[in-house]
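Worksheet for the structure shown next.
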Amino acid sequence: MGGGSESSSNYFQSEIVFFGIDNIHAMRESFARFRDYLDTHGAASSDGMSSFLRHGGWTWGGGNLSSMSASVSTLGDSGWLIHVQSVLAGSAWIAARVALESAAVLVHCSDGWDRTSQLVSLANLMLDPYYRTFTGFQALVEKDWLAFGHPFSDRVGMPSISGSSFELSRNASSTGSFSSSPLRQSSGSSQASNSSHAQNNYSPIFLQWVDCVSQLLRIYPFAFEFSSNFLVDFLDCVLSCRFGNFLCNSEKERQICGVDESCGCLWAYLADMRYSEGRSHAHYNLFYDTLKHNGPLLPPAAALAPTLWPQFHLRWACPFESQAGELEAECRNMAIKFSELQKAKEVAEMKAKEYLAAMEILNVDLQNEKQVSSSAMNLAKRASKENAAIQRAVQSLGCRVNFTNSSDSTVDVESSLMETSQRLSLPRRE
């Protein structure tokens, strides 16, 4: 009860570690500066205004080429990547303590709704390969975010409950702070914003967590069943308010509203998308290998340097430069063609087996025919020998035997044995 931290004197056998992850207000302001950076230095701004980048001209950033370094420092000043790295490093520390030391780790922040869910869910993702599958990812979000009580209505601007009614409205202060950063506000509005700083509970905590997942997917491309395209579609579905899974601030509020009965399910929608195309769908990671990373992922500190998530953050500001997924799409097309060739190969192999079986049958028939022909030849030889023997026997009696082409034999008896010649017509066999 000491204001959010424990006294180490009360826990002699424990180690208390502070990760230095900022609160929701710092994350909100960082994300606003990050969006300003994208609008200012991208190819097109989200509000329809022209970017400082002038279609490949010689001026860059509204001035000369020296402003390039200024834009890079602007990205660093936003702090977004630093916050992402802090969350990743803290989660990796937890996963390493559990995996290498079998330690019990207690994780908490001021409220327990934000940084706690980020760290625990990312640590689970690193420790257990199950959570890196589609079903496991769904279970992870349901367990460590929805059931744990992350206030999506306050943090993301989802519809919330007011009294006993269900209001499909957003918090005005949250929306205003999301769409316009402090850099674009006048001094008067900045003072008003400072006065309502504590009341504004909007913060891109869940978006930041999905960004961290995309960083792990980049570092370990073989460890995840789902792809970066799945994370983009998943986050778009969450922010669209089309589905009831992430409405309200808690499970109790969702039960009171009857969300399950009246709203569609995000998970079922995404599953139907994958079912339509099978394993060739863009949500599947082509490089997923269950044997390559079947244990914990324990990234070293040097590997936790994050980069911009181009498929999500740059798709509007830099649409051409964000097409990093085209290579994956080409690989996917090649995989589809390879699958088709594999199926054609299987069909050809089946036909070849059928032809081999038919040839074996023909070979058996041919052997039978050869045996029959051999038997007939043997019979013919025997008949020829018998005919020769009969001819010699008849000739030994003084008879002359003439064989005709017909089935009968003509036997002439010489007059020396009989007074008159007689012609006998006998079957050849006889």
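Using N, Cα and C of the backbone, Cβ positions are placed for all residues, glycine too.
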Please identify the range among 171-190, 411-430 that TrEMBL labels region 'Disordered'. 411-430
If you count Cβ atoms within 10 Å of each one, which of the recorded positions ASN23, CYS109 comes out on top? CYS109
In all the protein chains shown, the tally of other Cβ atoms within 10 Å of the Cβ of ARG115 (substrate binding site) is 25
When the pLDDT values for the domain 'Myotubularin phosphatase' (1-313) are averaged, what is the result? 80
For each of ASP111, TRP113, count the other CB atoms within 10 A of its CB; which of these binding-site residues has the top count? TRP113
